[in-house]
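One structure is given below, encoded as structure tokens.
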Amino acid sequence: MPTGANVHSSPAVAANAEGEEIEVLESTDVLPVAPEDQWKSLFDKYDPESSGFISTERFRDLLEAHGSELDPHKLEVLLALADGNADGKICYQDFVNLMSNKRSNSFRRAILQGSRQLKNSSLTEEVGLGLSQRLVRHVAYETLPREVDRKWYFDSYTYCPPPWLILAITIAEMVVFVYYGLQLDRWVLQVSSPSFLKSPLPYHPQHRAQAWRYLSYIFMHAGIEHLGLNMAMQLLVGVPLEMVHGAARIGLIYLCGVLAGSLAVSVTDMTAPVVGSSGGVYALVSAHLANVVMNWSGMKCQFKLFRMAMALVCMSVEFGRAVWLRFYPPAFPPCPNPSFVAHLGGVVVGLTLGVVVLQNYEQRLQEQSLFWIFFCVYALFIFCGIFWNIFAYSLLDVKLPPAP
């Protein structure tokens, strides 16, 4: 049924599977109204008692009467829901969620427990697809482990809004790098320039009271080799994930990884500065790789073992570069080179909070107890990190390098 349209109809009487006569709608034309009112009107035709529930038999009648107006893959999923619902009832809220692509926990349980198998061909067998449709299909197989989710995503994705967040962050990082490259007249190991840390962007322990630096450090990179590896992983992993899960969820993982990275450095490597987007990048990549491993048999992306190995190699090379740089004699002692601990902070966020977010495609995160457990642990870490930065440096009498 078209979203945002009401069905002008003439009533007709049909018998459902129980032999009862119910009034159904015969569509003739459409007028714009609120979508929820439209769905409520349609649902009420099959719920004359106004109980808020209809039997799965009546739900089937509804789908048979209006199924031609739905995408074929969506109709297939709704039929699976009708067959798989153990209590024999469909509630109105589930129906609204389904039609608005917000599937509840009861939806997933019904699909997983249903006796009906999806019999239509898989997305890989679809022919005659345009370039944009093939891209969406490719992204679906790259990120989603269940065919029912892949089909639902394939029918629902519209490129509106486009995956703007990761692209915007990447462009901003490039602009900042080029600006400082021209200003410092240095493109490799910019961090060795005496003016590099004078920027208002990188985190430096002497400037830890400037709260924005715990996030803005992602726009500064040690050199083109640092920026290149981060950009490659950020685009190859972040853009497909944003296309599937949306900017809000991917932004949550990325931002949590960035903040955890800088705070982890301030707690464990107290004298070192931080630059680079590795905290956010490693959070995304770690979450995606963990999701692939946990759903290995369901992931149908090509050459997944080889590609996973290559992703681990890229992460290892970048992490090894960061470790080497940290212990390499600094160009301007006593200020040390940037820390590598932000990478580890990002990995921890990706393997905990990130995995929960990616595992629950189109599910409400607020309904997931595991999400709240990890989120509360993360929040506790943030509060402890803040108090550490306020009190620990003076209590431990840490000898900090001079301000740049």
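Each residue, glycine too, has its Cβ placed from N, Cα and C.
Here is what TrEMBL says about this protein:
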- Ser278: active site, nucleophile (ACT_SITE)
- His343: active site (ACT_SITE)
- 34-69: domain 'EF-hand' (DOMAIN)
- 70-105: domain 'EF-hand' (DOMAIN)
- 164-182: transmembrane segment (TRANSMEM)
- 250-268: transmembrane segment (TRANSMEM)
- 274-293: transmembrane segment (TRANSMEM)
- 305-328: transmembrane segment (TRANSMEM)
- 340-358: transmembrane segment (TRANSMEM)
- 370-396: transmembrane segment (TRANSMEM)
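Within 10 Å of the Cβ of His343 (active site) there are 24 other Cβ atoms, across all protein chains. Rounded to a whole value, the Cα-Cα separation of the residue listed as 'active site, nucleophile' and the residue listed as 'active site' is 6 Å. Of all Cβ atoms in the shown protein chains, 33 besides its own fall within 10 Å of the Cβ of Ser278 (active site, nucleophile). If one looks beyond the transmembrane segment (370-396) by at least 6 residues along the same chain, the residues whose Cβ comes under 8 Å of a Cβ in the stretch are 205, 208, 256, 259-260, 263-264, 266-267, 270, 349, 352-353, 356-357, 360. Averaged over the domain 'EF-hand' (34-69), the predicted model has a pLDDT of 69. Taking Cβ pairs closer than 8 Å, the transmembrane segment (274-293) reaches residues 143, 145, 169, 173, 191, 202-203, 217-222, 226-227, 230, 233-234, 237-238, 241, 250, 253-262, 265, 299, 301, 304, 308, 311-312, 315, 318, 322, 338-339, 342-343, 345-347, 349-351, 354-355, 357-359 in its own chain, all 6 or more past its ends.
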